[in-house]
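Undergrad: The following block contains the structure, expressed as structure tokens.
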Amino acid sequence: MMDIFLAILPAIFWGSIVLFNVKLGGGPYSQTLGTTFGALIFSIVVYIFMKPVLTPTVIGVGVVSGLFWALGQANQLKSIDLMGVSRTMPISTGLQLVATTLFGVIVFHEWSTTISVVLGILALVCIIIGVILTSLQSEEEKNAEQAANFKRGIVILLISTVGYLVYVVVIRLFNVDGWSALLPQAVGMVLGGILLTFKHHPFNKYAIRNIIPGLIWAAGNMFLFISQPRVGVATSFSLSQMGIIISTLGGILILGEKKTKRQLTGIVVGIVFIIAAGIMLGIAKS
């Protein structure tokens with residue numbers, strides 16, 4: 001039971017990050033910068049206690065991974081600014097699952113059995129259905145301005161997905177240990193955060209406030225590393241997708257994002273489809 005609890009913690013931590021970002025304020029640029037500094041602080045503390053070996057490869061790969069994480073996070077927060085948390089997060093999660101899955105299949109040949117192929121295809125279908133259901137628009141949102149924001153938000157999310165994809169796969173391509181990559185990743189995140197935001201004057205009180213989400217993100221990362229050897233990569237991957245419940249429903253219940261009954265139904269059912277897809281992909285990976 002304790003092992004499963006540890007495996008659920010990343011979902012709880014990561015699912016709450018955007019809620020903290022929005023509540024703490026400051027816009028996407030200050031939020032991005034503050035989050036990266038929070039991750040760096042946490043990673044320095046972990047490094048002091050864990051003392052992982054840092055080779056040139058680990059440092060280089062970790063920094064590149066962190067740079068692309070910053071690209072993913074900054075654009076996800078921009079999309080949230082346009083579309084809201086409860087709409088952005090299910091779509092973002094779905095796009096990330098599709099991207100990482102297809103990359104895993106094409107490059108790493110993850111679906112090696114008939115069962116994994118069937119489960120994988122079913123999962124991708126579930127993701128598409130889930131994303132469509134969570135994207136339902138109300139009549140008010142069909143006006144020109146809202147429609148333009150939605151289209152722009154989707155394009156920005158595609159860029160975000162590329163960032164998150166490279167952040168994940170570059171570590172795997174070079175077979176770098178997660179604990180070893182943690183500090184170089186955080187350095188890359190800060191560098192990426194500065195490069196992406198400095199033109200927008202993000203160094204303010206909101207950036208300092210948003211150090212908190214960065215600490216939360218890094219804590220979630222740490223618990224993922226702890227839980228994977230205990231429950232396996234497949235289970236930890238599946239459980240980590242549950243964060244979508246916290247972020248999406250939190251956007252509605254905590255941040256007060258308004259939804260029609262039709263949209264609420266679509267969001268709930270869509271989340272179920274995306275979570276089911278995450279579980280199936282976890283099984284297909286095992």
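Every residue gets a Cβ built from N, Cα and C, even glycine.
Residues or ranges marked as transmembrane segment in Swiss-Prot: 4-22, 27-49, 53-72, 85-107, 111-133, 154-176, 181-198, 211-228, 233-255, 267-284.
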Undergrad: With contact taken as 3 or more Cβ pairs under 8 angstroms (pairs 6 or more apart in sequence), are the transmembrane segment (27-49) and the transmembrane segment (154-176) in contact?
TA: no
Undergrad: Checking distant contacts: for the transmembrane segment (4-22), what same-chain residues at least six beyond its ends satisfy Cβ-Cβ under 8 A?
TA: 31, 35, 76-77, 80, 85, 88-89, 210, 212-213, 216-217, 219-221, 223-224, 226-227, 230-231, 235-236, 239-247, 250-251, 254-255
Undergrad: Among 85-107, 111-133, 211-228, 233-255, 267-284, point out the range having the most Cβ pairs under 8 angstroms from the transmembrane segment (154-176).
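TA: Looking only at 85-107, 111-133, 211-228, 233-255, 267-284, the most contacts with the transmembrane segment (154-176) come from 85-107.
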Undergrad: Have the transmembrane segment (111-133) and the transmembrane segment (267-284) got at least three CB pairs under 8 Å, pairs 6 or more apart in sequence?
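TA: These two stretches do touch.
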Undergrad: By a Cβ-Cβ criterion of under 8 Å, what residues six or more beyond either terminus of the transmembrane segment (181-198) are in contact with it?
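TA: Contacts with the transmembrane segment (181-198): 29-30, 32-33, 35-37, 39-40, 42-44, 46-47, 52, 54, 58-71, 73-74, 171, 218, 221-222.
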